[in-house]
Amino acid sequence: MKRRTLLGSAAALMAVSALPALAQGEKLKVGFIYVGPIGDGGWTYQHDLGRLAIEKEYGDRIETSYIESVPEGADAERALTQLALAGNKLIFATSFGFMDAVQNVAKKFPDVKFEHATGYKRADNVATYDARFYEGRAVIGTIAGLMTKSNKIGYIGSFPIPEVLQGINSAYLAAKKVNPEVEMKVVWAYSWFDPAKEADAAAALFAEGVDVFMQHTDSTAPLAKAAESGAIGFGQASDMANFKPSPRVSSIIDNWEPYYIKRVGAALDGTWKSEGVWLGIGDGEVEIGEITDAVPAEVKAKAEEVRDAIAKGELHPFTGPLKKQDGSDWLAEGETAKDEDLSAMNFYVEGITAQLPK
Amino acid sequence: MIDPLSVFLMLLGAATPILFASLGELVAERAGVLNLGVEGMMICGALAGFAAAHASGSPALGFLAAAVGGTAISLIFAGLSQYLLTNQVATGLALTLFGLGLTAMFGKPYEGTKAPSMPMGPLGLNWMIWLGLIAVPLVWWFLNRSRAGLVLRAVGENHDAAHALGYPVRRIRVLAIAFGGAMAGLGGAYISIATVLQWTEGMTAGAGWIALAIVVFSRWDPRGALAGAWLFGGVTVLQLRLQAAGVSVPVQLLSMAPYLATILVLVLISAQQKFGRSAGGAAPGSLGRPFHALR
């Protein structure tokens with residue numbers, strides 16, 4: 001009797017443990033770690049739209065899961081390991097600060113493919129992907145330069161990393177081109193997502209006379225604050241359409257869907273390779289959201305002209321002659337910035353008076 | 001270059017949520033209860049308050065709902081820690097995680113909606129800032145000058161002695177926890193209704209933990225809580241304003257300063273105890289210890 005129970009339970013155990021193995025063979029498990037909550041209405045929200053898009057595209061052939069609000073640092077390694085142990089064979093890590101964690105975990109799981117957003121470290125099983133946000137910044141910088149009455153443009157930065165500095169420099173150069181008087185005020189929040197601090201940062205900028213601002217943080221809090229004080233701003237990472245027509249007069253939208261669909265497809269048919277891609281407005285990865293009637297028609301026309309020129313490759317936001325903030329030469333007349341220079345950018349361009357934190 | 005008055009007015013706003021939360025936690029800790037769920041209670045208050053303000057169009061009703069919401073979730077902690085005698089540290093941490101998850105789920109419909117604007121009180125400050133400032137002397141008076149406050153402190157210092165004197169230790173602690181929940185709820189709602197003006201998942205972003213640090217910094221004194229809230233709030237506002245004015249500031253050092261001050265206060269407290277000076281300003285004697293009458 002006893003032995004029979006034992007045998008029976010052993011058989012049951014085997015059956016149970018065999019099931020997930022079978023399921024694994026059929027479906028590709030795709031995991032995501034997000035730096036903020038999906039409900040941030042910005043950065044992470046857009047990545048999750050990408051996750052939903054691959055679910056729709058591939059249906060039963062894949063299974064997705066995600067871990068949200070993962071802090072950059074040691075906890076990211078834990079979250080990535082957890083996803084790898086759960087059988088995910090393709091893992092997207094969607095924040096710059098996950099870079100070293102991805103490298104470490106990728107070494108331990110050579111048969112798992114990793115995709116790291118906005119980073120620059122690759123390996124055989126680690127690909128990187130990024131969007132040319134700075135192209136969008138040139139468009140909204142044009143609007144900002146034409147719209148400001150105080151000639152003070154504000155910028156809420158997250159961390160002083162290349163991705164953010166590209167945006168500040170690009171927006172400033174575009175604004176200065178249409179308004180030579182313009183001045184750029186920068187406040188660093190040292191967080192990707194902290195609505196209360198982002199709102200305070202916006203308030204600090206408005207107190208300094210800023211009337212048009214941009215942000216490189218993930219929540220909609222600064223726009224809500226702007227609605228209160230009469231300043232205008234732009235949707236960041238996502239359309240943030242709830243704040244139309246003002247204070248949100250336009251937006252930069254990160255559209256990850258085509259890339260995610262392509263990469264999951266490659267993993268499914270076995271053609272996935274480690275590579276680094278950097279796509280912009282022309283490729284549809286960076287989109288400019290509707291420019292509302294809160295800005296005059298000629299401003300809108302000018303912004304669309306910049307957008308279309310960038311999309312066609314006729315205009316590069318970083319075209320010489322350009323100098324760095326310290327007065328040293330960067331780009332000669334007619335020269336455009338090289339990608340490797342941009343992805344290591346650690347300076348402000350000439351004309352920005354704020355000091356870059358070290 | 002920077003108008004000090006406008007910095008001070010911004011500071012008052014930034015200090016209000018952590019002031020409310022730390023006053024509530026201070027009372028709970030003076031009753032001997034260590035509730036690490038402040039963050040969870042704040043986020044519940046933030047959502048309950050925002051939802052009610054959004055539905056009714058009245059910020060006042062919003063704050064009322066926030067106090068009720070904060071109390072409701074704190075009673076879960078009270079039931080577990082006071083009746084089932086669970087470990088207070090673990091239960092408090094669980095409460096924070098629970099609160100964050102619960103609000104993430106129920107908050108979905110409110111994403112992207114707006115709060116009604118706050119009516120302004122005297123000096124261009126909204127009335128919640130005033131209420132926070134008034135609460136400081138009230139809590140101080142209650143703890144140090146009222147009979148009920150004396151009993152509450154007795155329960156926190158030595159629950160066995162208080163029990164022997166016939167005081168209902170458990171009931172007093174449940175009431176203190178509920179007060180802490182209501183205050184944390186008000187603090188959380190200040191963030192959603194007055195600071196950020198919308199609901200965002202996880203929006204309290206660590207304010208509850210700062211409130212816990214402030215309680216230690218204050219040496220369990222409401223006046224110290226006000227100073228602590230102004231210190232923490234002031235550093236945040238000042239560094240943002242300095243940055244906006246183009247002054248290069250060591251942000252990391254400034255952000256670290258209040259926590260360093262908290263550690264310094266802890267060192268001072270233990271030095272005082274070691275050298276046998278007055279026990280005043282030390283943690284309540286029964287802090288974090290479970291109480292059972294039959295033990």
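Using N, Cα and C of the backbone, Cβ positions are placed for all residues, glycine too.
Any TrEMBL annotation is an automated prediction that lacks curation.
Taken from TrEMBL, the feature transmembrane segment covers B:6-26, B:33-54, B:60-80, B:89-107, B:127-143, B:174-193, B:199-217, B:224-242, B:248-269.
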Six or more residues beyond either end and a Cβ under 8 Å away: which residues meet both conditions relative to the transmembrane segment (B:248-269)? 210, 213-214, 216-217, 219, 228, 231-232, 235-236, 238-239, 242, 281-283
Quick one: do the transmembrane segment (B:199-217) and the transmembrane segment (B:89-107) reach 3+ CB pairs under 8 Å, ignoring pairs fewer than 6 apart in sequence? yes
For the transmembrane segment (B:127-143), the distant same-chain contacts (Cβ-Cβ under 8 Å, at least six residues beyond its ends) come to 12-13, 15-16, 19-20, 23, 26-27, 30, 63, 118-119, 121, 149, 152-153, 183, 186, 190, 194, 221-223, 225-226
The transmembrane segment (B:6-26) versus listed stretches B:60-80, B:174-193, B:224-242: most Cβ pairs under 8 Å: B:224-242
